[in-house]
Every structure is written in C-alpha cells, then in structure tokens.
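Enquirer: Just passing along the structure, written as structure tokens.
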Amino acid sequence: GIGGAFQYGLQVSIINSPAEYIKSFIRETWLRRYGSSPSEEMITLMWSFIVSIYSIGGLLGSSSAGYLAVRFGRKKAMLFSNIPALLSAALMGFSRLCGSFEMIIAGRLSSGVCGGLALNIHLMYAGECAPRKLRGLIAITASTSIAVGKFAGFALGLREVLGVEALWPILMAANAVPALIQLLTLPFFPDSPRYLLIDKKDKEGCI
C-alpha cells in the first residue's frame, strides 16, 4: 500500500497547504517574465489547472493500468508506477529553482498518472496474492492506505513541518519517499499467482 493507494491519498491532500505560496510563485514568475503582474483571474485559472490536471493524469493512469498489469504482471506494473511518481517529484521539487510554474503543472499530471496506476494495480495485486481467509482484510488495505496518505499529506503540510514558504517545493516532492521505499522492497515480493497461471501459463510458479 505504501507505493499503491497511499500515493493517491498523499497527492490529494498535499496540494492544499502550499496554495498561497504557489499562487505567489506564479505571480512572481509572471512578473519576472513579462514585466507585468497577472490578473487575479489568471492566477486563479492557473491554480485551478494545477489542482485539476491531477484528475486528467489519474484518468490516463487508470486507463492504462489493465494493459500494463496483463502485459508486465502486477508486480512489474506496480514498480513501473514509481517512474511517474519520481518524475513528478523532480519536476515539482525543482520548479522554484528553475522559475517555472509549468513544471508544477507537468508534475501534477505525472503524479496523477502514478495515482491512477498505483490505486488500480494495488487492488488487483493485493487481492490476487492474499490467502483466501485474509482476502477481505487485505482488500481494505487500499482504503486504509488512502486514509493514511491523506493524513500524511495534511501532517506534512503543517507549518511546523513543511508547510512554510521556504519548504513548499520539498513538500510537493514528498511522494518520492514512498516511491523509493517501494522500489527497494517490492522486488522481494512474489508475483500474482493469477497472473502467473492465466497470463504466463506458469503453473509451477503459480503454486
């Protein structure tokens, strides 16, 4: 769940805290580039775009989750979902350093792709690997991970943690941590028995 549904919950909640700082960053960047301050309507439009483009990325990720899960297997598809997570962390983390609010937009799109992939494949992978007696318990790890991810996002956004103007790029790049944890741990996990039997025709591997 750390690299699965947790990513979705984290990205949904983490955007709330640095809202005013990102708007100020857009205003300053626009003034530096074009020599004039943007209107409040333009700032609101750009901010709305930053927030909502996550859903477009989620749609792209969800749409490709089924294909990737069958083509590469549940485990490899889960590992693949960390690529857009790390890309989004890099884009948003270096956005202020590069003076580009477009990098935040691209990063949010990429993190949406990660969330769409991870949430869907997490459910498949956990459900197919779970022993029959524990299947129901394992299935609810998705909703639990979303809740923990939301809590982590709100906690990191506190002023006492990363919710200050100097640290908002680090806050936006926080999704790199669960992605790295999953990249280090998931290779030691088994692949889905259902995938091995039905898609790979590997009966011995399934058993």
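Glycine is treated like the rest: Cβ placed from N, Cα and C.
Whatever TrEMBL says is automated annotation, not expert-curated.
I grabbed these lines from TrEMBL:
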| type | residues | note |
| --- | --- | --- |
| DOMAIN | 1-207 | domain 'Major facilitator superfamily (MFS) profile' |
| TRANSMEM | 45-70 | transmembrane segment |
| TRANSMEM | 77-97 | transmembrane segment |
| TRANSMEM | 103-125 | transmembrane segment |
| TRANSMEM | 137-158 | transmembrane segment |
| TRANSMEM | 170-189 | transmembrane segment |
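I'd like these features described in context: how deep, what's nearby, how far apart.
Expert: Below 8 angstroms of C-beta separation, residues 3-4, 7, 25, 57, 61, 65, 68-69, 71, 103-104, 106-111, 113-114, 117-118, 121-122, 125, 168-170, 172-176, 178-180, 182-183, 186-187 of the same chain, each at least six residues beyond the ends of the transmembrane segment (77-97), sit close to that stretch.
Under 8 Å from some Cβ of the transmembrane segment (137-158) lie the Cβ atoms of residues 1-2, 4-14, 16-18, 119, 122-123, 126-127, 129-130, 171, 174, all in the same chain and six or more residues away from its ends.
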Enquirer: Kindly state the mean pLDDT of the domain 'Major facilitator superfamily (MFS) profile' (1-207) in the predicted structure.
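Expert: Mean pLDDT for the domain 'Major facilitator superfamily (MFS) profile' (1-207): 93.
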